[in-house]
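Each remark here refers to the structure printed beneath this line.
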Amino acid sequence: MKSIYSLVLCTALTAASPHPAFPQSPLGVPTTSSPSTGTFNSAEEVINASPFLSFHRDIVQIESISSNEHNVGEFIADFLRARNFTVIEQAVTSSSQRENQERFNVFAYPSSNTPEILITSHIDTVPPFIPYSLDTDSTTDNDPSTIRISGRGSVDAKGSVAAQIFAALDVLEQNPSAPLGLLFVVGEETGGDGMRAFSESSLNPAPSAFHTVIFGEPTELALVSGHKGMLGFEIVAKGHAAHSGYPWLGRSAISAVLPALSRVDQLGNIPADKGGLPSSPKYGNTTVNIGRVDAGVAANVVPATARADVAVRLAAGTPDEARDIVRRAVRDATDGNPDVYAEFNTRSEGYPPQDLDTDVDGFDITTVNYGTDVPNLQIHEREDGPVRRYLYGPGSIHVAHGDNEAITVGDLQEAVRGYRKLIEAALQRR
């Protein structure tokens, strides 16, 4: 392991930014600054007084919609270099990235240590960009912890990114030899190309260098025992175009696809023994969402093609098993019409439900329905036992992709404490 990271260190130093944005400072300096629990003059005063909240503000203010993560990546990399981390900017290629704007993952660890505990989240966001703002209308008794911070990424997942960094700095202040690694990836919102690039690289060796991986996503400060699996596909129908005044001269792809869509839409509510998708006590029902339908060219033309995008959240079973169920459902609903079929090759492979660890006391436990980068990181076996995986973070997924994305100061501060608790538990297992 040490030889791998020595080689990587040389590469990182060669590629280091020529214009660091922060003055050098040792790790052993106070890093978190909690606002006073008393009165305050303005929300801006509270943010400015806290290095942690100021850092969160700074990264939320940088637009980083998927494929445009370069600037926020450089900001985070410079911040960590200034605090004596070895920083590796791992290039991640994308056909949609902006010209001259290289995308990269940020992998960082204290310069004197080989990381054994990996702390990770993502730095990309969904569109559109929403500027950073503060709201004190909901504060109670002039309590700074109730200040609401809004903006794209304030929750998903820059809240986790900021809290993870400052939790790590807190731990390193007390224990400079803690073997921590920080990984902030691109592209989580669009398929996980950043995490897959890391997973397939020498930075993720076999056997695993990491005995613990802590993932950051909005979990409302609960420790997640697992999340549903995922399968994406299209339902495709082929017809024959004709003038709408003479529809018998053509074949309507829309008419052909409707029975298949109706059947697929209900698969999560149909018992598995009757041809539906499986459920489980832990995750409940598998859910199906027909998110987009594209068909026809005009109202006066019999449609020759129809395509529907479908997302399935798997509560049990494997993607291959679900594919077989979908194929049978489409075939049965259309009486075996060969012009209507499920197309799986245009979507990613999918993954089964992901079970996670919850053996650290002091957290509420929950499951979630959304997808994460957890399945995109291949976990290699270790001789000393299984690699533990945790999923935790501040904020709610219910606002994460909406125009009301927001988080409170109190939740951000509690997340630092939560991540520190997870890190300290991992250190005790060394």
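Our numbering is plain: 1 for the first residue shown, then up by one each step along the chain.
The backbone N, Cα and C atoms fix where each Cβ goes, glycine too.
Bear in mind that the values here come from a model prediction, so they are computed numbers and not experimental data.
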If one consults Swiss-Prot for N-linked glycosylation site across ASN48, ASN84, the residue flagged is ASN84
Quick note, GLU188 (active site, proton acceptor): same-chain residues at least 6 apart with CB under 8 Å of its CB -> SER66, HIS122, ASP124, ALA157, GLY194, MET195, THR372, ASP373
Cβ-Cβ distance under 8 Å, sequence separation of 6 or more, same chain as ASP156 (Zn(2+) 1 binding site); the residues meeting this, in order, are THR125, VAL126, GLU217, PRO218, GLY395, ILE397, ALA400, HIS401, GLU405
Across every protein chain in view, the count of C-beta atoms other than its own within 10 A of the C-beta of ASN84 (N-linked glycosylation site) is 16
Sequence-ordered list of residues in the chain of ASN285 (N-linked glycosylation site) that lie 6 or more positions away and have a Cβ within less than 8 Å of its Cβ, or none, is GLY268, ASN269, SER279, ALA315
